[in-house]
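J.: Below are the features I grabbed from Swiss-Prot:
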- Cys6, Cys11, Cys34, Cys38: Zn(2+) 1 binding site (BINDING)
- Cys19, Cys22, His46, His50: Zn(2+) 2 binding site (BINDING)
- His185, His283: protein binding site (BINDING)
- Asp202, Asp213, Glu340: Zn(2+) 3 binding site (BINDING)
- Asp213, His276, Glu309, Glu340: Zn(2+) 4 binding site (BINDING)
- 3-57: zinc finger (ZN_FING)
Amino acid sequence: MEGILCASPGCGKPAKLQCPTCVNLKLETPSHFCSQECFKTFWPLHKMYHQKGQPENLPSQFRNYKFTGPLRPTNITPMRKAPEGIELPDYAIGSIPISERVADRKNMANIIHTPEEIEIMRQLGKMSREVLDIAGNAAKVGMTTEELDIIVHNAVIERGAYPSPLNYYKFPKSCCTSLNEVICHGIPDERPLRDGDILNVDVTLYWKGFHSDLNETYLIGNVDERGKNLVKCAYDCLELAVAMCKPGTLYRELGDAIQKHANKQGFSVVKNFCGHGIGRLFHCNPTVPHYSKNKAVGAMKVGHVFTIEPMINEGTWQDEIWPDSWTAVTADGKRSAQFEHTLVITETGCEVLTKRTNGSYIDRHFK
């Protein structure tokens, strides 16, 4: 408990014990005290935190769910809509991506994109980067992920594009916001960001018939060294994988390099979520696993467009899905970090279509 002070108002002494009920409920509350006396004095107020953490205050589908970590869902506002005049993907109305299902049934091979298609995706990648940077610059202590979703939604619409996650298999928001132990596909809600959080924002745009996908993990306030190391490891894993991309590289080789680096840093690599082909379809071939000894098929060819998005965990690589059918969390409740780019294979290597235009992530967030 080094560095933690007593939660009793006006005390300020170093904490020596923690409320056992808060521990059992995995509550993110002021729960440390310097002595039994302070604990008993503050108890009439402190016990109110326990009421807030009880299942009856959670969305109904969570009331019998055993959470793996301290994060809890809060209220989710109604789904927004795109205004008239915005080109819609095939799932925007009915929620089912029919074109993806047709491609799956036909087991379509990796697509070789034309120079004209790549130019559209190049412009789209730049737009997607602009939107993500707007969200990243806005994220701060006290802001809710719902507010970030509004920012993303408006920024996408202002660019004449559609936020690809919106109503994709009924996903209710315009971006994914994944906090702390959430690996991916977190749903923006009304929980305020807190000092020490790590937050991943995942943005995808649909424009002129194509999708572009990227994400980054941000440090909210003062993050501990272990958390910073986790985030930097995820960033480095993406960078080293991108550096390997060129004609002839086997897709399965990326996972070997990513896992080797993550394990060396004391972290693990998620196996159940992968990078993917992208273009006219939100998700298509190739599948791009991030773990070693995977069975990914094929080699990179000029014109292939796909994402790399390693998810790196502080503890176990295993995950489970919340009852909302979307939010993927670590099985042990420890934190996860992720970074993603969309890139195209060229004659001489690759071009990152979602690259930064204002300095590297590390330069901006770790110095």
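Note: Cβ is positioned from N, Cα and C throughout, glycine not excepted.
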J.: Mean pLDDT for the zinc finger (3-57), as a whole number?
T.: 73
J.: Other than Asp213, His276, Glu309, Glu340 themselves, what residues in this chain have Cβ atoms within 8 Å of the centroid of the Zn(2+) 4 site's Cβ atoms?
T.: Asp202, Leu214, Asn215, Gly275, Ile278, Thr307, Ile308, His341, Thr342
J.: What are the sequence-distant neighbours of His185 (protein binding site), meaning same chain, six or more residues apart, C-beta distance under 8 angstroms?
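T.: His185 (protein binding site) has long-range Cβ partners Phe171, Cys176, Ser178, Asp202, Trp326, Thr327, Ala328.
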J.: Are there any residues in the same chain, six or more apart in sequence, whose C-beta is under 8 angstroms from the C-beta of His283 (protein binding site), and if so which?
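T.: Non-local contacts for His283 (protein binding site): Glu100, His276, Gly277.
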J.: Counting other Cβ atoms within 10 Å of each residue's Cβ, which of the binding-site residues Cys6, Cys11, Cys19, Cys22, Cys34 comes out lowest?
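T.: Looking at the binding-site residues Cys6, Cys11, Cys19, Cys22, Cys34, the Cβ with the fewest others within 10 Å is that of Cys11.
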J.: Could you give the Cα-Cα distance between Cys38 (Zn(2+) 1 binding site) and His46 (Zn(2+) 2 binding site), in whole Å?
T.: 11
J.: Other residues near the Zn(2+) 1 site, CB within 8 A of the CB centroid of Cys6, Cys11, Cys34, Cys38?
T.: Leu5, Ala7, Ser8, Gly12, Lys13, Ala15, Phe33, Ser35, Phe39
J.: Indicate whether Cys38 (Zn(2+) 1 binding site) is helix, strand or coil by DSSP.
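T.: In the DSSP reduction, Cys38 (Zn(2+) 1 binding site) maps to helix.
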J.: Look up Asp202 (Zn(2+) 3 binding site) in the DSSP assignment and reduce it to helix, strand or coil.
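T.: Reduced to three states, the DSSP call for Asp202 (Zn(2+) 3 binding site) is strand.
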J.: For the Zn(2+) 3 site given as Asp202, Asp213, Glu340, which other residues of the same chain have their Cβ within 8 Å of the site's Cβ centre?
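T.: Near the Zn(2+) 3 site, beyond Asp202, Asp213, Glu340, sit Cys176, Val203, Thr204, Leu214, Asn215, Thr307, Glu309, Thr342.
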